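Enquirer: Okay, handing you the structure first.
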Amino acid sequence: MKIGPVLGIEGTAWNLSAALFDDDLIKLVSHPYKPVQGGIHPREAAQHHASVITSVIEEVLKGNPTPVAVAFSQGPGLGPCLRIVGTAARALALSFDVPLIGVNHCVAHVEIGRFASGFDDPVVLYASGANTQVLGYLQGRYRIFGETLDIGIGNAIDKFARSKGLPHPGGPEIERIAKNGSYIPLPYTVKGMDLAFSGLVSAAKDASAPLEDVCYSLQETAFAMCTEVTERALSQTGKEQLILVGGVGMNKRLQEMLSCMCEDRDAAFSVPNPQYLGDNGAMIAYTGRVMLESGSVLPVEESRVNPSYRADQVLVTWREEPSGSERHPDAYSARGAEAIVRFCDGAASKIRVSKRYRHPELDRRLIAERTRAEARLIAEARKAGVRTPIIREITQDTIIMEHIDGVKLKECLSPELLEETGRMVGKLHAAQIVHGDLTTCNFLVHDGKTWLIDFGLAGTSSDIEHRGVDIHVLFQVLESTSKDSDILKEAFIQGYREKMPLADEILNREHEIELRGRYL
């Protein structure tokens with residue numbers, strides 16, 4: 001049955017945009033807010049949206065069929081901007097006497113990417129001004145596998161650009177300048193499936209190197225971080241398709257890195273047409289249309305905007321569970337996101353492999369640093385009572401250690417094993433060791449006991465924040481891969497409290513970290 005065209009209105013931040021979408025895009029009109037100087041001013045942006053929204057919508061509707069529904073960006077975003085769009089959408093829906101549909105902005109980026117690529121079950125890197133997230137579909141929702149712990153990559157780049165007096169938006173200008181640059185070392189912050197950009201931006205601002213070198217290195221470092229956590233998500237989920245969405249996705253170097261990584265993993269990669277990458281009304285209209293087909297409409301009285309609306313809060317009624325999604329097979333069981341593991345004579349050799357997408361100097365630095373740190377911290381964790389493999393030999397890129405003949409925790413999740421895992425992590429944190437990558441792939445189960453492996457991102461810290469981030473990584477993985485995540489998290493917490501005196505303070509911090517990611 002033919003649905004008919006849906007009107008979509010986007011206005012979460014910079015761009016006021018509207019579109020009409022039927023089986024394909026009919027018309028798209030955008031009118032972005034451009035500040036005189038500095039970054040976005042929410043009230044000024046809202047005033048801009050209010051001043052142009054009527055003309056933008058009139059231009060979209062002129063000469064086209066009357067929409068059968070009105071969709072609008074309900075969140076996340078800037079409250080003043082969202083309220084302008086929400087008010088207009090309600091008025092139009094009542095005027096046309098058609099259904100109203102509230103669309104999650106992040107989910108809309110994912111759905112327009114799926115439409116443009118034809119991919120069915122991809123991992124999605126969403127890289128924009130305010131958001132940096134790696135998402136994928138599981139059990140009726142889009143799960144967030146990893147995300148920024150501080151600011152979005154686009155905002156990070158724009159902050160650096162403003163500090164150097166570069167015009168807005170800063171991303172294209174930095175990309176242009178970077179073409180003539182050379183690499184200089186800058187901070188690289190990846191914490192399991194999450195990442196952080198504030199330290200990188202601060203170091204780039206303070207760097208005394210030529211501007212072209214700093215721009216080049218800022219891109220090389222930030223985009224390598226994004227590519228690394230995206231590869232982890234592909235490895236963790238066993239998915240074989242990747243889509244890049246969001247305004248930062250227009251950067252050719254980021255596209256090149258992701259394409260290179262996917263080629264090495266035999267994964268398919270797609271980037272939508274530029275008109276679908278940044279914030280746009282087409283993604284709202286298209287997502288509204290698929291939601292309308294599944295009956296996901298809003299009564300006007302329940303259409304309040306939500307500035308903190310996360311993608312994983314949306315019940316995805318318009319998709320079916322892909323076949324095999326319960327198993328999440330990892331086609332790279334012998335080759336994870338960072339290393340190849342070879343087994344021989346009761347030993348496991350973990351060999352860190354070079355990544356073609358990373359700058360060679362950065363690649364060598366990370367391999368050497370992570371190999372040395374891993375060997376040292378495995379030994380320290382073992383002294384603290386944590387079950388880890390015994391180290392036998394170390395080289396520049398290889399650790400030879402005892403082979404633990406077990407299965408990954410992700411393949412046998414249970415409350416009993418998560419409670420045991422909590423006790424183990426409690427011992428680790430009590431010894432002031434932070435693992436840095438507490439995913440369910442890095443716990444092995446052998447004879448009913450859990451063993452902790454892969455200390456490549458580990459470090460020492462007595463900081464509450466660092467230990468909270470450690471647990472946040474694990475909780476994110478549980479939420480994105482298990483329908484019983486709440487039960488499993490409670491079991492972990494019970495075990496953790498047994499061994500970690502500061503457990504409540506750390507767990508409260510983990511909750512604060514989760515809330516920070518609502519809209520950054």
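FYI, residue positions are counted from 1 along the chain as it appears here.
For all residues, glycine too, the Cβ spot is worked out from N, Cα and C.
Annotations per Swiss-Prot:
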- Asp437: active site, proton acceptor (ACT_SITE)
- His105, His109, Tyr126, Asp279: Fe cation binding site (BINDING)
- Tyr126, Ala127, Ser128, Gly129, Ala130, Asp158, Gly171, Glu175, Asn251: L-threonylcarbamoyladenylate binding site (BINDING)
- Ser333, Ala334, Arg335, Gly336, Ala337, Glu338, Ala339, Ile340, Val341, Lys350: ATP binding site (BINDING)
- 327-520: domain 'Protein kinase' (DOMAIN)
- 1-318: region 'Kae1' (REGION)
Enquirer: Report the nearest neighbour of Tyr126 (Fe cation binding site) in space among the binding-site residues Ala337, Ala339, Val341, comparing Cα positions.
Expert: Ala337
Enquirer: Val341 (ATP binding site) to Ser128 (L-threonylcarbamoyladenylate binding site): how many Å between their Cα atoms?
Expert: 35
Enquirer: Indicate the candidate from Ala337, Ala339, Val341 with the smallest number of other Cβ atoms within 10 Å of its Cβ, considering only these binding-site residues.
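Expert: Among the binding-site residues Ala337, Ala339, Val341, the lowest count of other Cβ atoms within 10 Å belongs to Val341.
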Enquirer: Taking just the CA atoms, what is the gap between His105 (Fe cation binding site) and Gly171 (L-threonylcarbamoyladenylate binding site) in Å?
Expert: 21
Enquirer: Consider the binding-site residues His109, Ser128, Gly171 and say which one has the Cα lying nearest the Cα of Ala339 (ATP binding site).
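Expert: With Cα distances computed to Ala339 (ATP binding site), the winner among His109, Ser128, Gly171 is Ser128.
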Enquirer: Need this for a regression test: recorded positions Asp279, Ala337, Asp437, filtered to those with Cα within 10 Å of Ser128 (L-threonylcarbamoyladenylate binding site). What's left?
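Expert: Candidates kept after distance check: Asp279.
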Enquirer: Other residues near the Fe cation site, CB within 8 A of the CB centroid of His105, His109, Tyr126, Asp279?
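Expert: Other same-chain residues with Cβ inside the cutoff are Thr12, Cys106, Ala108, Val110, Ser128, Asn131, Val245, Gly246, Met283.
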Enquirer: Rounded to a whole angstrom, what is the C-alpha distance between Ala337 (ATP binding site) and Asp279 (Fe cation binding site)?
Expert: 30
Enquirer: Please name which of the recorded positions listed here, Ala130, Gly171, Asp437, is nearest in space to His109 (Fe cation binding site), Cα against Cα.
Expert: Ala130
Enquirer: Sort His105 (Fe cation binding site) into helix, strand or coil using the DSSP assignment.
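Expert: SS state of His105 (Fe cation binding site) = helix.
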Enquirer: On the three-state reduction of DSSP, what should I expect for Ala130 (L-threonylcarbamoyladenylate binding site)?
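Expert: SS state of Ala130 (L-threonylcarbamoyladenylate binding site) = coil.
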Enquirer: With the L-threonylcarbamoyladenylate site defined by the record as Tyr126, Ala127, Ser128, Gly129, Ala130, Asp158, Gly171, Glu175, Asn251, how many Å span the farthest pair of C-alpha atoms?
Expert: 19
Enquirer: Would you count the other C-beta atoms found within 10 angstroms of the C-beta of Asp437 (active site, proton acceptor) for me?
Expert: 25
Enquirer: So, in DSSP terms, is the residue listed as 'active site, proton acceptor' helix, strand, or coil?
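Expert: It is coil.
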Enquirer: Using Cβ-Cβ distances, find the residues under 8 Å from Asn251 (L-threonylcarbamoyladenylate binding site) that belong to the same chain and are at least 6 apart in sequence, listing them in sequence order.
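Expert: Spatial neighbours, sequence-distant, of Asn251 (L-threonylcarbamoyladenylate binding site): Gly171, Glu175, Gln219, Phe223.
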Enquirer: Translate the DSSP assignment of Gly171 (L-threonylcarbamoyladenylate binding site) into the three-state scheme.
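Expert: Where Gly171 (L-threonylcarbamoyladenylate binding site) sits, the three-state DSSP reduction gives helix.
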